[in-house]
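Features of the protein shown, as given by Swiss-Prot:
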DISULFID  Cys39-Cys64  disulfide bond
DISULFID  Cys43-Cys60  disulfide bond
MOTIF     39-64  motif 'Twin CX3C motif'
Amino acid sequence: MSMFGIGKNNQTINPQNIAMAEQEVEMMSDIFNRLVMTCHKKCISPKYYEADLTKGESVCIDRCVSKYFEANQSLSQHMQKRGQENPTP
């Protein structure tokens, strides 16, 4: 068995699966970039006094990331529930 299907000549690649995987990677990249921008803006001063994060900045970033993922998960569950209640034709 080869990694990523390399060397498998008998199996075709489904373009729809590739498109879905690319869309998922793009979505995760967007979430990560928004998370970094949001938490950096909230927790880190624009004037850097030290090369490393201070304890306060580190704690703030940790809490910010945690809250961001909690909110994202809650919103996803809410949207999924609404989608099940009101299916589109």
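Heads up, the Cβ atoms here are built off N, Cα and C, so glycines get one too.
Taking the features listed in Swiss-Prot, we show where each one sits on the structure.
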residue : record         : Cβ neighbours (10 Å)
Cys39   : disulfide bond : 19
Cys43   : disulfide bond : 19
Cys60   : disulfide bond : 16
Cys64   : disulfide bond : 17
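Between the CA atoms of Cys60 (disulfide bond) and Cys39 (disulfide bond) there is a gap of 8 Å. Note on the motif 'Twin CX3C motif' (39-64): DSSP counts are 15 helix, 0 strand, 11 coil. For the pair Cys64 (disulfide bond) and Cys43 (disulfide bond), the C-alpha distance works out to 8 angstrom.
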